[in-house]
Amino acid sequence: MKTNLLDFNLDQLTQHFAEMGEKPFRAKQVMRWMHQMAEDDFDAMTDLAKSLRAKLHERAEVRVPSLMTGQASSDGTRKWLLDVGTGNGVETVFIPEDDRGTLCVSSQVGCALECTFCSTGRQGFNRNLSTAEIIGQLWWANKAMGVTPKNERVVSNVVMMGMGEPLANFDNVVSAMQIMLDDHGYGLSRRRVTLSTSGLVPQMDRLREECPVALAVSLHAPNDAIRDVIVPINKKYPLSELMAACRRYLEKAPRDFITFEYVMLDGVNDRPEHARQLLELVRDVPCKFNLIPFNPFPNSGYDRSSNNAIRIFREILQEQGYVVTVRKTRGDDIDAACGQLAGQVQDKTRRQAKWTQIIEDRKS
């Protein structure tokens, strides 16, 4: 079986080329061709020796996930469903804005964490994505939008906020992010790559040491009682441990704050007393807040908070000097908004069946 070179960051690719008897600069050349030119044909890599190209044809390949479907939203958001084999597909979303273009990247086929308000979590879990399948989403987006080094960069920011919990696939996610950051890869700054986690505390500490990028934490609740229900990983890593991990992370983070993401669920976590509890929770953690209006999906069991409830919640936080943004819902007409990514998951956890039974019980 041929080796997929997209699975390697620069250090790994250099080692692979050394084992082939090639010099380190060859790895950098191939890295630039693969990632900066979105090239998957070795014959097109014209500054490589013919003998090396022949060797690569024999032993290696540049294999990205193939496109299953693509959709464009009325607001310019684009969503691609990419085939990762055995009946599974993952979704990646490009969100254009005036001053940036953000790509939302998936890290797993489904998700094992079972956050109750998230469509991805309802789909169950199949497996982790490989490095090639993760970085292949950025590769595919650049290819689809005709990007080369001569063009203005279209994807200026990457957020690891698609399907899956990134820190549950630590090694492959970090390797992919290293390619994003590498000057021979995509050359993004650490401030422009954001990883979002539900709060896997040991892996947060590893990330701080190995690849400290901007960090967002899917908080969604001001106390353990609520978070235990809607973000069940909280039972393993409660809020006191999570806040301590956030403080440690800031020692090496590229930004001097954590972004706390908070989905607004009507009657669940959106009352003024919840906002005041939230202020008490984060008092020792430099942070900003991103309030996310809930994006409904069939049989979710939740409703979106009213605009008035969101406004009051936001103002309570702002009065204490915090920066608070309310996420603009983008791509909801193509199910590309936050919490709506479901992909195509051959569930190994039987969670789809469990939720189907719960929904049927509600109806009866």
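Quick reminder: no glycine exception, Cβ is built from N, Cα and C everywhere.
Here the structure is a predicted model, which means the values were calculated and not measured.
Database features, via Swiss-Prot:
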{"type": "ACT_SITE", "residues": "Glu91", "note": "active site, proton acceptor"}
{"type": "DOMAIN", "residues": "97-333", "note": "domain 'Radical SAM core'"}
{"type": "DISULFID", "residues": "Cys104-Cys338", "note": "disulfide bond"}
{"type": "BINDING", "residues": "Cys111, Cys115, Cys118", "note": "[4Fe-4S] cluster binding site"}
{"type": "BINDING", "residues": "Gly164, Glu165, Ser196, Ser218, Leu219, His220, Asn295", "note": "S-adenosyl-L-methionine binding site"}
{"type": "ACT_SITE", "residues": "Cys338", "note": "active site, S-methylcysteine intermediate"}
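Overlay of Swiss-Prot feature records on the structure.
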residue : record                               : Cβ neighbours (10 Å)
Glu91   : active site, proton acceptor         : 26
Cys104  : disulfide bond                       : 27
Cys118  : [4Fe-4S] cluster binding site        : 26
Gly164  : S-adenosyl-L-methionine binding site : 29
Glu165  : S-adenosyl-L-methionine binding site : 27
Ser196  : S-adenosyl-L-methionine binding site : 22
Ser218  : S-adenosyl-L-methionine binding site : 24
Leu219  : S-adenosyl-L-methionine binding site : 28
His220  : S-adenosyl-L-methionine binding site : 25
Asn295  : S-adenosyl-L-methionine binding site : 23
Discussion item. At a 10 A cut-off on CB-CB distances, which of the binding-site residues Cys111, Cys115 has the highest count?
Written reply: Cys111
Worksheet item: Helix, strand or coil: which one is Cys115 ([4Fe-4S] cluster binding site) in, per DSSP?
Response: coil
Fill in: Alpha-carbon distance [Cys115 ([4Fe-4S] cluster binding site); His220 (S-adenosyl-L-methionine binding site)] in Å
10
Item to complete: Round to a whole number and give the Cα-to-Cα distance in Å for the pair Ser196 (S-adenosyl-L-methionine binding site) and Cys115 ([4Fe-4S] cluster binding site).
Response: 14
Response to the item:
By Cα geometry, the one of the recorded positions (Cys104, Cys115, Cys118) nearest Leu219 (S-adenosyl-L-methionine binding site) is Cys115
Worksheet entry | Neighbouring recorded positions, C-alpha within 10 angstroms of Glu91 (active site, proton acceptor) - of Cys104, Cys111, Cys118, Asn295 | Cys104
Worksheet, complete the sentence: Whole-Å Cα distance, Cys111 ([4Fe-4S] cluster binding site) to Gly164 (S-adenosyl-L-methionine binding site), is 4
